[in-house]
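Below: the structure, in structure tokens.
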Amino acid sequence: MIFVLDVGNTNTVLGVYDGDELKHHWRIETSRSKTEDEYGMMIKALLNHVGLQFSDIRGIIISSVVPPIMFALERMCLKYFHIKPLIVGPGIKTGLDIKYDNPREVGADRIVNAVAGIHLYGSPLIIVDFGTATTYCYINEHKQYMGGAIAPGIMISTEALFARAAKLPRIEIARPDDIIGKNTVSAMQAGILYGYVGQVEGIVSRMKAKSKIPPKVIATGGLAPLIASESDIIDVVDPFLTLTGLKLLYEKNTEKKG
């Protein structure tokens, strides 16, 4: 079995693959202060809960956009799994033709998503990932990673509104009854949700205009189902796109090792 870890700024998503099947997955808070032992005990509990042991795992791959956490995670893998993890970063084989000015600037999460997206859905392709930041990735019909856009995530914007406007409360991100809010909470929900729907439709439409062949639009991340339910511009919601990409990269980089 392969253990995959997608470390984001807010949450870390973990998964266990048995062949091509995602057998188990979990979402935990990303903590920069946890030690290797704390991570080890937490992951041990998650594995044990589904009847697995450290020894059931034969390979590990990690994608992270939080560099300070990597030391603890790498040491945890060595200490508890007795496995040196594969890290998504410089030197890893991706198969991507990256046309960024500096390819090293492309985040690990965006690379992993692109690998999975091309494998599952072909090209051209636009991938929207609703995380701490909302990222847009454009892959052309030649499977070249051309770049994209990065915007503040919906939660960042919501928290900023709460923090900067004294009379506005902290709210849950949810669909309001009407676009015309009748109270402060519903008005904020309408502005946040439909404001983001408008952002997605605007950016994706402009990216689509760059392609002679209509690209498929894939959304992933925690809020993807909510946003997609309010817009026809998203073709597919794939909640496990990043985990799939990690599995594919693990296979690509270990296939000669058996």
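Quick reminder: no glycine exception, Cβ is built from N, Cα and C everywhere.
What you see is a predicted model, and the numbers here were worked out from it, not measured in a lab.
Per Swiss-Prot, these features apply:
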type     : residues                                                   : note
ACT_SITE : ASP109                                                     : active site, proton acceptor
BINDING  : ASP6, VAL7, GLY8, ASN9, THR10, ASN11, THR12, VAL13, THR132 : ATP binding site
BINDING  : TYR100, GLY107, ALA108, ASP109, ARG110, THR184             : substrate binding site
BINDING  : ASP129                                                     : K(+) binding site
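Features recorded in Swiss-Prot, as mapped to the structure shown.
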residue: ASP6; record: ATP binding site; Cβ neighbours (10 Å): 28
residue: GLY8; record: ATP binding site; Cβ neighbours (10 Å): 22
residue: THR10; record: ATP binding site; Cβ neighbours (10 Å): 15
residue: TYR100; record: substrate binding site; Cβ neighbours (10 Å): 13
residue: GLY107; record: substrate binding site; Cβ neighbours (10 Å): 18
residue: ASP109; record: active site, proton acceptor; Cβ neighbours (10 Å): 27
residue: ARG110; record: substrate binding site; Cβ neighbours (10 Å): 26
residue: ASP129; record: K(+) binding site; Cβ neighbours (10 Å): 26
residue: THR132; record: ATP binding site; Cβ neighbours (10 Å): 18
residue: THR184; record: substrate binding site; Cβ neighbours (10 Å): 12
**Request:** List, in sequence order, the residues of the same chain other than ASP6, VAL7, GLY8, ASN9, THR10, ASN11, THR12, VAL13, THR132 whose Cβ lies within 8 Å of the centroid of the Cβ atoms of the recorded ATP site.
**Result:** THR30, VAL65, VAL66, GLY131
**Item:** Residue pair ARG110 (substrate binding site), ASP6 (ATP binding site) - Cα distance, angstrom, rounded
**Value:** 11
**Message:** Between the Cα atoms of GLY107 (substrate binding site) and GLY8 (ATP binding site), what distance do you get, rounded to the nearest Å?
**Reply:** 11
**Request:** Find the shortest Cα-Cα separation between TYR100 (substrate binding site) and the recorded positions ASP6, THR10, ASP109, and name the residue that gives it.
**Result:** ASP109
**Request:** Measuring Cα to Cα, tell me the gap between ALA108 (substrate binding site) and THR10 (ATP binding site) in whole angstrom.
**Result:** 15
